[in-house]
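Q: Next up is a structure, given as structure tokens.
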Amino acid sequence: MDRFLRWRWSLYISLFLGWCCYYLCRKSFPSSTPNLIAEAGLTKDDLGVISSSFAVSYGFSKFFNALLSDHVSPRKMFSVGLVLSGIGCLLFPGSVSSIPISAALWFAEGMIQGLGWAPCAKLLKVWYPPSQMGMWWSILSSAGNVAAGTSPLLFTYLSSVFSWRVGFYIIGTITVTLGLVVVLTIKDSPSELGVELTFENSESEDSNKHKHETSPMLRWYSVMLYKDLWVVSVGYAVLSAVKTSVADWSLLYFMQVAGKPQAVAAACIGTMQFGAIVGLLCTGYVSDRVMTQRTMATKCPRAPVLLAISLLMTLCLGLFATTVDQHSSELWLSVLMFSLGFLTDGGVSMIGLISMEVVPTQISGSAHGLACALAQGLCPSWNSCIYLSIWAFHLGDNPLYK
């Protein structure tokens, strides 16, 4: 058992560092945009084309790679994604002289990024019991927030001391190296160590029906039959829409509606990442406690936690619509952003975990892919409506629009 615990820690540390590197590669472009404008001569339109190419490819990639995770080795999938993602960062500085090439390269980076989270989710479900999954899932999710908060500071420092290109080269080199290392530090399942784990409520009659289904079409058809998963997927889309809206529109919203300078608005929004990390940890801990106190026969033991998050999120959005104006203090705006970061990231993480728990292990990757596909598909079409509807409360009285 000591050997099992050592390998499990090796697995988790590798996933945490690897997910940080995935996120650093993903955030390398937006973190370097001021330097790309000032030094590389790119325009805002150029940056928009490159950024959009990533957004389009990542949504599709996350869906298809989640399906792929049920049929290939998660260890190899995670490692290959790290190596290719790092290579993309190494090549990007040399492509900025041609916008079509840069957009194509960053489109490919988006496709590669989809290789990251699917194997993480699959490995966590195999190695950890349901009563601990919430906390370990949340801590691993927070790696993305750590990287997202670190990336702008890292690129600012490196560009001031060396060059903006150095940031891409350093992150790319570290990511490629880690991708080669994790092949040796991750096992696909405890059975490779000769340990057979049977978690309570992890296998059922439904699970037995899928053990011999190896065809991707059969497994996909099996996933489509789970009504609970469709309910979860719709909830995933709603929470993702709120998260995306808050992240993308808050800066402009605070500047135009609350009349705050850009620096002040950015500082208020910075509290969202801190709130997200706290929310992930708290939500994971509380949901695990609920799992141990409620019967494991319950179809979705974490549902009360998700319901509480949804109600509080509704309250926070209502406060946005009714309290944010030119008289709002920076402290109040920071409190709102902290609260929304706490609730949105905690909720999205929780519902992503639930999407894997309502189905058997054999098709959990495909189930998570379906939930992500619905969330990624609906968000671009209507997430802006959330903030724009709140905006409508202020347009008539705001002197900025007179």
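Heads up, the Cβ atoms here are built off N, Cα and C, so glycines get one too.
A TrEMBL annotation is a machine prediction, not a hand-curated record.
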Q: Transmembrane segment per TrEMBL: which of the ranges 49-68, 229-248, 369-388 is that?
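A: TrEMBL lists transmembrane segment for residues 49-68.
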Q: Counting only residues 6+ away from its ends, which parts of the chain sit with a Cβ under 8 Å from the transmembrane segment (135-159)?
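A: Those are 12, 15-17, 19-24, 27-28, 31-32, 35, 120-121, 124, 128, 166-167, 170-171, 270, 273-274, 276-277, 280-281, 283-285, 288, 345-346, 349, 352-353, in sequence order.
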Q: Average the per-residue pLDDT over the domain 'Major facilitator superfamily (MFS) profile' (1-402) and send me the rounded value.
A: 77
Q: For the transmembrane segment (9-29), which stretch among 49-68, 166-186, 306-324 has the most Cβ pairs under 8 A?
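A: Per the Cβ count, the answer is 166-186.
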